[in-house]
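Just below is one structure, and these are the notes that go with it.
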C-alpha cells in the first residue's frame, strides 16, 4: 500500500486522560507523519506511557479522538497496523515460553485471518509466513541462536531485543516503542538503534518514548516534548536545546485540577 | 434434554467400561474395590476432576490467581445452601454465587481504592459466613462436612454427568481459545494491543474456573479444591519451560494424584479428598527436589560445579 509521503499516521485531537480521577494528559493535539521517526521526550510522570496506553487501547481517553491512517484505532489494532513494545518490567519473565514462541505471539492477531483449520492447530504448525516473519525478526536483532531458550534465562539487553523482535515480527506500519533503550548494555543499544534506522528507511512509522538525547539527536526526524500536555514539537536541533528542555521541565500546568473542571 | 441426558449416561457407561479394562490389568489386591459401582463412579469422577483442575491450574498459577481460586471456592457455599433450601440442583446455586462473588471482587477492585487481595478476602469470607449461617439452620453437620471436604464415594450419577460435562466444556474452550488464553496469561497488554477482547477472555477464564470448582465439589470439597487448582500447575511449572508441555504435565499430575489418592484412601480407610491433596503435594515436593531444570538438587549441583571449575 502506498500512502502520501507526508500523510499522517497517527492523529490525536483534543485528548484528555486520567487515572483514578487524577488528570494525566491534557488537551493533547498531535499529528504524526507517516514514515517518520518521532521521539517523545518528557520527565517521569509526564504521561508518556499513558499516551501509549491510549494508543493500544488499554485506556480510554476521557475526551478527544485518536485516528490511525484516517481510520479508527480499534479497527487498526485488529488489522495489526500497530505494533507495541512494552517496557521490560511489564512482562512475566517466568512464563514457560521460548524466545521463538514469545516472538510468535506477535502474529496471533494476524492468525485470525488464517483458515479455520489452521487456527485450530497449535501455533507451532501455523502458516509458513508466520514462521518466516518470526525468524527474520530474530535474525534482525541477532537472537536467532537463542530462539529455543526460555525467556527467563535471558540477560536484560537480550530481553529488550526479544521485545523488539516481537514488535518487528508483526510487520506493522506503526511501531510504538516504550523506552526501548532503558537499562540496555551499549552493544544492544547500538544494535537496537541500527535496527530502528533500517525500519525507518523501510517506510515504517516509529513512535518512541525515550530518555536518550544522543540517540534522538542522531536518528529522530521529529521530537515532541511532553509534560502532561504537548509543550512543543519540531526538529531535534531545536527541541533538544538546553532552553527547550528547561522549559519542558517546568511546564506542568500549576493548577491542572482547576482547568480540569 | 432427555436425549441429551441419555447420551451423557451412555458416555459415562462407556468411559467406566474402558476404565475397568485398565483396572483389570492391575493386581487383584488393587483392583478388588473397583468391582462396586460406587467405586467405579468415584474413580471416573476423580480422574475427570484431576484432569480439569490440572488444566485450569496452569492459568491459575501463571496468572497469580491462587487467592481468587480460594475466594470463588468458598463463595460457592451459600449457593449450595440456597439451592438446598429451594430444592434446586446444588450446582446451579453454587455456580451463581461463585460467579457473583468473582464479579463483585472485580467491581470493588475497579471502582474503589481497596486493593485486590483485601477485596477478595472481604467478599469470600462474607459469602462463606452466609453459607455457614444458612446451613446451620437447615441441614445436619454431616451435610456441611460433605460440602466442605467432599464425599467422592457417595457421588451420584447425575453429579458425575455434571463433572463430565464441565470437563468437556473446559477442554473445548481451552482448545478453541488456546492462543488468546496463552497471550492473555503471558502478556495482557500485548493481547489488548493486538485487538483481542481482553474483558471477554478475563471473565471467560473466571467463569471456567468457577465451573471447575463446582464440578470438583463432591470429590475434594470446597476447602481443598483450591489445592488441586494450584499444586498440579506449580508442579508442572517446575518441570518445563514450555506452556503446552506444562498443560500436559499438569493434567497428568492432577489425574495421578486423584487416582493414587483415591486408592490409598480406600485401602487405609481415610478421607479421600485430603488423601488426594496430600498425594499432589508429595508429587510437588518430588518435583521441587528432583526437577532437572528448576529442582533444588540440580540447582545445588550446578552451583557446586561452577565453584570448582
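Backbone N, Cα and C atoms are what each Cβ position is placed from, and that goes for glycine too.
A quick note: this is a predicted structure, and the numbers were derived from the prediction, not measured.
Listed by sequence, the residues of this chain that lie at least six past the ends of the transmembrane segment (B:6-26) yet keep a Cβ under 8 A from its Cβ atoms are 34, 40-41, 43-44, 47, 157, 160-161, 164-165. The transmembrane segment annotation in TrEMBL covers B:6-26 (among others).
Per TrEMBL, the feature transmembrane segment maps to B:38-62 (among others).
Residues or ranges marked as transmembrane segment in TrEMBL: B:82-108 (among others).
Under 8 Å from some Cβ of the transmembrane segment (B:120-139) lie the Cβ atoms of residues 67-68, 70-72, 74-75, 77-82, 84-85, 97, 101, 104-105, 108, 114, 147, all in the same chain and six or more residues away from its ends. The transmembrane segment annotation in TrEMBL covers B:120-139 (among others).
Through the fold, the transmembrane segment (B:159-182) approaches residues 5, 8-9, 11-12, 15, 41, 44-45, 48-49, 51-52, 55-56, 59, 91, 191, 196, 201, 204-205, 208, 211-212, 214-216, 218-219, 243, 247 of its own chain, all at least 6 residues removed from its boundaries and within a Cβ separation under 8 Å. Sequence annotations record features per position, and here TrEMBL assigns transmembrane segment to B:159-182 (among others).
Sequence annotations record features per position, and here TrEMBL assigns transmembrane segment to B:194-214 (among others).
The transmembrane segment annotation in TrEMBL covers B:246-268 (among others). Remote same-chain residues near the transmembrane segment (B:246-268) are listed as 30, 33, 39, 42-43, 46-47, 49-55, 57-58, 152, 174, 219, 228, 231-233, 235-237, 239-240, 274-280, 283-284 (criterion: CB distance under 8 Å, separation of at least six residues from the stretch ends).
The transmembrane segment feature in TrEMBL is assigned to B:274-297 (among others). Long-range contacts of the transmembrane segment (B:274-297) within the same chain: residues 46, 50, 149, 219-220, 224, 227-228, 231-232, 234-235, 237-241, 253-254, 256-258, 260-262, 264-265, 268, each at least 6 residues beyond the stretch ends and with a Cβ under 8 Å from a Cβ of the stretch.
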